[in-house]
Amino acid sequence: MNAGRALRDARYAAAVAWRRPALAGLAVLTALVCLAITALARIDFAARTSALHMMIADAPPTAGVIHADADWMTFLESQGVELSAATGASERIRQALAEAGLPVPAAPPSNGAASDGASSIAAPAGAATEPWTTLQLPEQPIEAPPGAAKVAAVPARMRLVYRDTYADHSRLVAGRRPTTARQRADAVLETDLSVATAKRLGLGLGSTLTVLSPGQGGTVRLVVVGLVTARDPGSAFWASDGTLAGPQLEADASGDQYWATAALIGPAQAQALTTPPPGSHYLSGITGYRLSFDFPLDLSGLDADGAGSLADRLDALPAVESRLDFDPAGSIPVVFDAELTPILRAFAAAQQTATLEQAMPLCGLALIAAIAGALLAFAAVDRRRGEAAVLRARGAATRHLVLAALGESGVTVLPAAAAAFAAGFAVPGKCPSWAYTAAVAAGLCATLSPVLCTALIHRPHRSARPQLNPRGSARFARHRRLIVHGALAAACAAGLSLVGGQGLTPDGGSLDPYAAAAPVLAATLGALVTVNALPPVLRALRRRALRQRGIVALLGVARAAQEPGLGQAATFVLTTAACTADLAVALSRLGGHADPTSVQRTLAGPLELVAVSAIVAAAVAAALAVRLGAAARRDSDARLATMGLTTGQARAVAAAENVPPALAGALTGALVTAPLLRLVAPALGVGAIPASPWSLALPALAVALPAAAASAVGTWRRGAR
């Protein structure tokens with residue numbers, strides 16, 4: 001019974017709270033902010049990750065491979081001449097790389113049946129990220145047959161290459177794979193050739209060729225037992241050595257051209273070459289063997305946030321080299337090379353610049369939304385000022401009013417923020433970690449804003465002392481205002497002076513707060529100039545209005561000068577909105593001309609959306625300021641109505657009071673944007689941000705016209721009442 005009654009009371013309280021326009025507006029604004037934070041963050045994060053993968057895709061296929069060169073003689077001393085030792089060393093290197101945090105997948109199980117099948121065209125699953133070990137002899141001239149030794153008057157050279165996984169990446173066109181090999185000085189070694197190499201050399205199945213042996217002289221005889229072609233010709237396996245797939249025309253140190261070719265041998269042939277027969281000096285003088293290990297990285301899970309950390313781990317590869325060199329299980333002297341590091345560093349630098357480009361207009365938009373939320377919270381509390389006064393007269397404590405405000409915002413703002421936060425996760429993609437903190441902070445601040453306004457408005461006041469010198473008190477207030485404005489202007493100027501020197505913190509990691517808040521600092525400085533220039537302008541307008549007929553202009557000027565607080569807030573909001581819109585449009589044009597794969601190109605759309613959001617938020621804030629001003633001057637309107645002020649005159653007075661500050665604020669925002677663009681260009685790493693007077697005037701007009709229209713609508717409704 002009590003639970004049902006409590007539920008009905010809660011539903012009734014929620015329904016009553018949602019019927020309050022200002023509180024419902026605050027809930028809707030908070031929901032939009034939380035939805036924008038989560039949804040746009042996910043969209044932006046997905047766009048940046050896509051740009052990262054596009055940069056990697058545009059790089060050579062070997063960019064995603066860690067290459068390790070081993071010292072052959074040291075390897076023989078520590079591991080022996082058995083070919084299986086190279087396979088074991090490859091697994092130990094892979095484990096060391098995995099322990100260093102690098103995305104090196106484990107080698108998939110060998111599938112010999114699938115590898116040798118001539119009908120299988122596609123590479124087996126997992127072959128793209130399968131590591132491989134390479135053992136190759138130095139490149140030597142072909143001695144026989146004559147047609148292969150010299151092709152079209154160009155001599156040919158050949159390397160014998162063993163790769164343990166080449167069967168997974170190649171497809172037999174004819175013949176078979178190399179099988180056994182006898183360890184005899186006159187033994188003929190079986191080999192496979194690519195179709196392109198065999199065609200260029202004029203060889204076929206069963207053809208024999210003689211290659212000059214490196215070292216102390218002699219020759220190596222080969223017989224072609226198979227013709228192969230690549231299953232995945234664009235993969236890193238074939239791109240790492242172009243001569244495997246076909247002959248390459250190259251030039252030696254003297255400038256003479258020759259055909260560089262390669263013959264693929266099997267494990268038995270590699271073992272025969274590295275283990276000469278007992279008592280024989282067959283190939284014993286060879287010291288030019290090259291042993292290397294290649295480990296493709298699995299970059300499918302790499303996102304924009306992980307690019308910098310992956311680059312740091314790749315930079316730490318020398319530590320892995322030292323660990324392998326001094327491994328108690330056996331030294332593996334290798335030298336790592338990673339082509340991906342400069343790509344990741346370039347992306348990280350571009351991402352930091354793009355983040356700064358995005359943070360500057362977003363900072364201005366966040367300030368506008370915060371001011372609009374504060375105005376809505378104040379309106380929600382001010383609307384119940386009479387009810388609160390009755391409760392205070394009946395003995396209600398301030399904490400009772402504060403708890404009531406907390407309950408109302410808890411059933412309106414908090415559920416709306418939670419629902420929007422959850423709806424944002426419906427957008428595909430991954431949410432960066434900062435978005436959670438920002439959305440939760442926005443929801444909590446909006447929920448607590450009516451509570452704070454209630455505590456400030458209804459806090460206990462001390463009895464006012466009689467003012468013995470009103471003129472002195474007014475002078476003190478004026479001087480205090482000038483001191484506060486001067487200190488704020490000096491702080492803004494000091495912050496802007498730091499923007500041109502650095503866009504990021506000295507460590508190059510996080511954003512510099514002064515650079516991110518540049519539009520807010522510039523708009524604040526411009527608004528301070530405008531606000532302090534208004535009193536002389538209003539006095540001049542008052543003197544001019546006194547010399548003219550009519551009451552409209554005089555009343556409009558008098559009201560603007562009587563209570564300038566809301567007018568100054570509207571001016572500040574519109575200045576910030578115009579500056580934010582101008583900056584966002586200029587930066588979007590800067591990104592629109594960037595390379596399609598760059599991170600800056602992905603910001604063109606979001607920055608244009610930020611500009612539109614600033615325009616809408618400025619119009620909403622202007623309408624709220626007009627509405628709050630109308631509520632504050634309701635008694636004055638009633639007195640003027642009894643004195644014969646018509647509805648049309650009341651509307652004209654309100655328009656003269658509200659519309660000019662809106663236009664002045666937008667104009668100030670456009671004026672401060674021009675030097676701001678020159679100031680932030682060095683921080684963004686660009687020479688100049690192109691902007692013409694029209695490109696600055698159009699966003700400012702887009703801010704001023706909706707704000708003026710919102711003010712006009714508010715004044716029309718105000719005059720109608």
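Note: Cβ is positioned from N, Cα and C throughout, glycine not excepted.
Automatic, uncurated: that is what TrEMBL annotation is.
Annotated domain 'ABC3 transporter permease C-terminal' per TrEMBL: 365-427, in sequence order.
Sequence-distant neighbours of the transmembrane segment (359-381) (same chain, 6+ residues past either end, Cβ-Cβ under 8 Å): 20, 22-23, 25-26, 29-30, 33, 388, 405, 408, 445-446, 449-450, 452-454, 457, 511, 515-520, 523, 569, 572-573, 576-577, 579-581, 583-584, 587, 607, 610-611, 613-614, 617-618, 620-621, 624-625, 627-628, 631, 680. Summarising the annotation, TrEMBL assigns transmembrane segment to 359-381 (among others).
Using a Cβ-Cβ cut-off under 8 Å and counting only residues 6 or more beyond its ends in the same chain, the transmembrane segment (401-427) has close neighbours at 10, 13-14, 17-18, 20, 23-24, 26-28, 30-35, 37-39, 41-43, 380-381, 388, 391-392, 439-440, 442-443, 446-451, 453-455, 458. What TrEMBL records for 401-427 (among others) is transmembrane segment.
Positions annotated as transmembrane segment by TrEMBL: 433-457 (among others).
For 482-504 (among others), the entry in TrEMBL reads transmembrane segment.
Note on the transmembrane segment (516-538): residues 356, 359-361, 363-364, 367, 482, 485, 488-489, 492-493, 495-496, 499, 557, 560-561, 564, 567-568, 571-572, 575-576, 578-580, 583, 661, 664-665, 668-669, 671-673, 675-676, 679-680, 683 of its chain, located 6 or more positions outside it, place their CB under 8 angstroms from a CB of the stretch. The feature transmembrane segment is assigned by TrEMBL to 516-538 (among others).
Among the features that TrEMBL reports, transmembrane segment is placed at 569-590 (among others).
What TrEMBL records for 610-630 (among others) is transmembrane segment.
Marked as transmembrane segment by TrEMBL: 662-684 (among others). If one looks beyond the transmembrane segment (662-684) by at least 6 residues along the same chain, the residues whose Cβ comes under 8 Å of a Cβ in the stretch are 353, 356-357, 360, 496, 499-503, 512, 515, 518-519, 522-523, 525-527, 529-530, 570-583, 586, 622, 691, 696-697, 699-701, 703-704, 707-708, 711.
Among the features that TrEMBL reports, transmembrane segment is placed at 696-716 (among others).
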Predicted model, mean pLDDT over the domain 'ABC3 transporter permease C-terminal' (365-427): 81
Helix, strand and coil residues within the domain 'ABC3 transporter permease C-terminal' (365-427) as assigned by DSSP: 54 helix, 0 strand, 9 coil
